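Colleague: Pasting a structure below so you can have a look.
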Amino acid sequence: MGLKSDKWIREQSIKNGMITPFCEENMGVGVVSYGLSSYGYDIRVADEFKIFTNVGGTVVDPKNFDEKNIVDFKGDVCIVPPNSFALARTIEYFKMPRDVLAICLGKSTYARCGIIVNVTPFEPGFEGHITIEISNTTPLPAKIYANEGIAQVLFLQGDEICEVSYADKKGKYQRQKGITLPRILEGDKK
């Protein structure tokens with residue numbers, strides 16, 4: 001399994017629409033950097049957020065998620081409360097090749113401020129916006145800047161094509177647009 005370079009990322013994005021919109025240069029003056037880098041792509045966070053709150057007094061349950069747990073926010077700067085959490089999404093829309101898995105790591109600019117970014121792997125065949133999980137681990141409010149970098153994606157090409165892709169198994173987050181809340185597939189339990 002090999003880590004893919006800027007040349008490969010550019011080719012896949014321009015020819016096959018792997019990343020849309022695609023920023024060919026790494027933009028970084030006066031902003032949290034984003035765009036193409038040597039061996040990855042720095043994704044941007046859109047201007048829509050879902051901020052967790054305890055106003056509803058409910059328990060967070062991934063199998064039965066209650067939207068009373070969140071407050072919707074749209075704007076250029078999102079303030080994540082102390083020791084709290086927010087969901088966001090990428091500006092970029094991804095179409096993953098069948099033989100490529102992507103992993104995403106938070107940017108050091110935010111990590112050095114106590115802001116942890118988590119994104120689960122982009123599976124082969126996945127298509128959609130990426131939902132981003134943002135944790136403010138500090139006792140202070142934290143700013144997240146919309147339309148700027150939030151994390152870096154690394155692309156790993158498998159030694160062979162997988163037998164079953166995310167698209168083949170009709171993954172529950174396939175073709176997601178916007179911020180997608182937790183989902184549990186209904187049906188027969190095995």
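Sequential numbering from 1, following the chain as shown.
Cβ atoms here come from the backbone N, Cα and C positions, even for glycine.
So Swiss-Prot lists these for the protein:
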BINDING   Lys107, Ser108, Thr109, Tyr110, Ala111, Arg112, Gln152, Tyr166, Gln176  dCTP binding site
ACT_SITE  Glu133  active site, proton donor/acceptor
Colleague: What whole-number Å value do you get for the CA-CA distance of Ala111 (dCTP binding site) and the residue listed as 'active site, proton donor/acceptor'?
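Modeller: Spelling it out, the Cα of Ala111 (dCTP binding site) and the Cα of the residue listed as 'active site, proton donor/acceptor' are 13 Å apart.
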Colleague: Which one of the binding-site residues (Thr109, Gln152, Gln176) has its C-beta surrounded by the most other C-beta atoms within 10 angstroms?
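Modeller: When each Cβ's neighbours within 10 Å are tallied, Gln152 tops the list.
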Colleague: Based on the record's binding annotation for dCTP (Lys107, Ser108, Thr109, Tyr110, Ala111, Arg112, Gln152, Tyr166, Gln176), what whole-number value in Å is the widest Cα to Cα distance?
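Modeller: Site span for dCTP, by Cα atoms: 34 Å.
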Colleague: Quick check on the recorded positions Lys107, Ala111, Glu133: which one has the highest count of other Cβ atoms within 10 Å of its Cβ?
Modeller: Lys107
Colleague: What binding-site residues among Thr109, Gln152, Gln176 are found with a C-alpha within 10 angstroms of that of Glu133 (active site, proton donor/acceptor)?
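Modeller: None, since no candidate lies within 10 Å.
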